[in-house]
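Taken from TrEMBL as is:
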- 464-475: compositional bias 'Acidic residues' (COMPBIAS)
- 275-389: domain 'Palmitoyltransferase DHHC' (DOMAIN)
- 460-482: region 'Disordered' (REGION)
- 29-50: transmembrane segment (TRANSMEM)
- 94-115: transmembrane segment (TRANSMEM)
- 311-331: transmembrane segment (TRANSMEM)
- 352-376: transmembrane segment (TRANSMEM)
C-alpha cells in the first residue's frame, strides 16, 4: 500500500515538473501572442473605432476615405491647416482625444516592456544582471547602508543616539536602537532545490551585517579553540594554532578575495546550500530562488518578484483600462458587424477580424481587471500570492489557539501601497511617477524589509514549527553555512 502511495505521489510530482518545464518553453509564444493581439487591437482602434466615435473635422474625414497611404501623407498637412482654420473647436477636441488615447497606448506598451525585461531579482544575481549592484567589494558598505536606511524610512523608523552601529562608511556612524535593529534584522534559510555553491560564494551573497556575524562567530570559535589547545599543550608552545589570514581584520568593503582569506582555502571551497532570504521562494521553471517571489507568469516569460512587481501591477491596470475603452467605444461597430454584416464599410479592417479582436479585448480585459483587483487587495494587506496562502493558514491556526495572527510585513493599507510602489512620504519617489514611463527601483535590497514594530521581525501568533517553507523534496548533498 505504501509503495502504491509513493508511486502515485511520484507520478504527480513528475507531471507537475513536466508542466513547469512546459510553461518555461511556451513563455516566448505567449509573449508573441500578446504582442500580436494587442498590436492588432491598437491598430483597429485608431483606424476604425476612433474615427467613428470622435468629432473629427470634415477635412480630416475626407482624408480618411482616401485609399492610398501616400496620398494621405501628402495631403495631411493641408487638411490639418484647413481644420484648424475652419473648425478650431472640433480640431482641439480631436487633438486632446488623440493625445489621451496615445498616452494610454504608450503606457500599455511601456509597462509590458518593463515587466518583461526587468528581472524579478534572484538571490544569486541580485536585482540586475545588466547593471551589477554594489553588493560586494568597493562601495558595497555604502550601498547596503543606503538600502538599510530606505527600509528603516519605509517602516517609519528613525535613527537615534542609542544602540549599536549598523555599519560604518566614510567615517560616519548612524545608530539604531536595539528594538529597531531586531525588527529590521535580515533572516534567511537554505534552499535545498538550488545547486550547491562554495562557502565563499554563499557568504558573499549575505548582507555585511550577517557576514560580520558569521565572521565574529568564527573569531570566537578560534579563540576558544586556541585557549583549549593552550591548556592541553601548555608545555609545548610550538603546537599553537594560527588563525586564517584576515580573520581579525575589519574591512568595510569586503570582496570575495577577503572572504576567502578569512575562511581559509579548505573551508572557502567547501560545498554548501545557498542562502535563501525571507520572502524568497524557489521557482522550478527558472531554476533559481526569486526575491519576493509572487508567481511565474508565462505571459511575461519570467517570474514576478521584487524587481518587476511594480510594473506587473501597472501593466495590468493600463491593460484593463485600455481594453475597457476599446470594448466600450467599439460596441456599436461590433453590434453592426454581427447583426448587419452587409453594412460593414471599413476598408482597412475585416469584419471577422474586428469581431474577434473586440471579443478578445472584452474577455481578457475583464479577466485582467479581476486579477489586478485581487493583487491590489494583497498589496493592501502587505503580502504576495504565496504569502496570501500561507497567511490564511497561519490565521486559522492562531484562531484555534485563541490567538491573533499579525502579518509582520503589513504597515497599514496606505503605507503598504506606498512601500510597494516606492512613492509617498519617506519613500524615494513622488506619487506622480505612477503616471510616467520612468524606471523606479524597489525600496528593498531583497534581504531587509519594512516590518511592523514590536514583533521582533517575525509574524505574530505563529509558532516556529508552523512556519511554511518551500524546501520539500530531497536536499542537495551539501552542508549549510555554519
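Here the Cβ of each residue, glycine as well, is placed from N, Cα and C on the backbone.
When Cβ-Cβ distances below 8 Å are used as the criterion, the transmembrane segment (29-50) is approached by residues 97-98, 101, 105, 108, 112, 116, 298-301, 319, 323, 326, 329-330, 333, 346, 348-349, 353-354, 357, 360-361 of the same chain, each at least six residues removed from its ends. Per-residue pLDDT, averaged across the domain 'Palmitoyltransferase DHHC' (275-389), gives 94. Distant neighbours of the transmembrane segment (352-376): 37, 40-41, 44, 48, 312-313, 316-317, 319-320, 322-324, 326-327, 330, 333-334, 337-338, 346, 385; these residues of the same chain sit at least 6 beyond its ends, with a Cβ under 8 Å from one of its Cβ atoms.
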